[in-house]
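Quick notes on the structure that follows.
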Amino acid sequence: MQPKSAFRRAHVARLATLALAAAALAACSSGGGASAPSAPQAPAGGAPVPRSISVSPAATTLAAGFTQRLTAIATFSDGSKRDVTATAAWESSAPAAAAVTGGEVTGVAPGAATVGARWSGLRGTAEVTVTSAVLQSVVVTPPFPSLPLGADLQLAATGLFSDGSARDVTAEAAWESAAPATAAVPSPGLVHPVAPGDAAVSATLEGVRGATTVSVTAATLEALDVYPGAATLARGTSTAFTAVATYSDGTAADLTAQAAWAASGPEVTLSAPGPEGVVVTGAAEGTATVTAAFGGLTSAATVTVTAAELTGLAVSPAALDLPVGLSGALEATGTFSDGSTQDLTAQVAWVSSDAAVAAASNAPGSEGLVSALSAGDATVSATLFGRTASAAVTVRAVVLQSIAVTPGTASVPAGYQVRFRATGTYSDGSTHELTGSAAWISADPAIATVVATGTGAGTATGVAPGTTRISAGLDGVVGEATLTVGSARLVSVAVTPSPFEVGVGGTAQLTATGTFSDGGTLDVTRQSVWSSSAKSVATVSRGGVVTGLRAGAVTIQANRAGRKGRADGTVR
């Protein structure tokens, strides 16, 4: 069915070191990943009963005076889920260290506390550590964004602390525009363009200020694209859609939250925009069109809902080995009666056999994330429609000894990005991916900024010519790389392979490579806007993955800053 979402593969969580981690993950059901129907614990009449409560993030570290929003999700015997954050009774084992109200934890004084959420006789917990770290700087990203009239932009504020940790402080900071007649800030970090010009937008917290300059342009809307361009869903399952606009100056904007979304019929239902986009759920067998409209333009995707039934469920990989303090994101894949498969990671109910060892998240945007809390073994299961599969999780009490950042040296033109990765070596000789766990810092944000934590952690953006150090830190251990930012301009974009072939129902990965005025090249696949000339023949994802729908010819285009590359393809 649908290719697995790139969003979900990027999910990461921050544990006792203020990081959100994405590592190699686990599991399928016993017997090589095949699953058998579970035995729902339901009373007479078959009504599902609450099975567990999971609180996310399962472990967090914050400085005294700062806050963290927790989410409580109830799972039921039939695999369904419900957000009970607002109705749960919240409690803290040590309110003098960490107080909690309605799921919002506030660090009161250095110490540790277990925060619990009680609902329907069940209890879920999260471990909270409060430190005496002091906020030293605030970095606002993206740096120097260009914003067309009509397209709102969400900025983020990251706080860097004296202990080397970093955390998202977007919601806690006080935001202000120095030129509200040019760009207003109606809610934390959300910039609304008013008139062409430049405006300094700042975020201030605890007397520490960070800022960026927003350039509002009069660029006109040229195209609107919905991703994915088509989807096939079994009834009762769902997938997420996003909308991206391209403007006359070559810039692109994600308009998922601003676009007006509609479905052509009762075959599907649409959610409000969330962390992954607009969630479309198959309600009845048939075909429907999902449309996004903005600025007089519309873009549509075809959704086919089938009567296929879930016949198997697998969690991958089958075993997960993590040091205490890290996390890894599990994925669940369903096999249906028509032979199709679908990513069900966000839809299954995730439950750990021992949440004190390894906690499993059901929170929107981090479903399947396993947090390693203490040494031991646990089984994490995924349940949906009476089917269950599981992964074995082993947590080890090992010590981080070193961090290697790759590439060790990199260069990028101003305005472009490069992704760094961090690998940790532990006291038992094992190595683990730390890209999503580490706190990333740029020594000179005026030259380059870097995504400090969470999804996209380690992604550096060139701001102005010069050289800076990019560091990744965790548990007091730091690794570094050198980044040089140049002033070269993008000259052309080439898409490869061209020509290409793909089968009906198959996929092909295309790559966009930019050539610059200094002769250098850079992979701009994930920095380009992709489009298909014939969505009924083939669709293309935001990452350049082409999916063949029916036999025919198609041209796939990548647009980066007004420079376009094309690849001609055939679906057979």
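Each residue, glycine too, has its Cβ placed from N, Cα and C.
Remember, TrEMBL labels are computer predictions, not curated facts.
If you look up TrEMBL, you'll see 1-26 marked as signal peptide. If you look up TrEMBL, you'll see 49-129, 134-215, 220-304, 309-394, 399-484, 489-571 marked as domain 'BIG2'.
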Helix, strand and coil residues within the domain 'BIG2' (49-129) as assigned by DSSP: 0 helix, 53 strand, 28 coil
Stretch of maximal Cβ-Cβ contact with the domain 'BIG2' (134-215) [cut-off: under 8 Å; candidates 309-394, 399-484, 489-571]: 399-484
Considering the domain 'BIG2' (220-304), which listed stretch of 49-129, 399-484, 489-571 counts the most C-beta pairs under 8 Å: 489-571
Helix-strand-coil residue split for the domain 'BIG2' (489-571), DSSP-based: 3 helix, 52 strand, 28 coil
Helix, strand and coil counts within the domain 'BIG2' (399-484) (DSSP): 0 helix, 52 strand, 34 coil
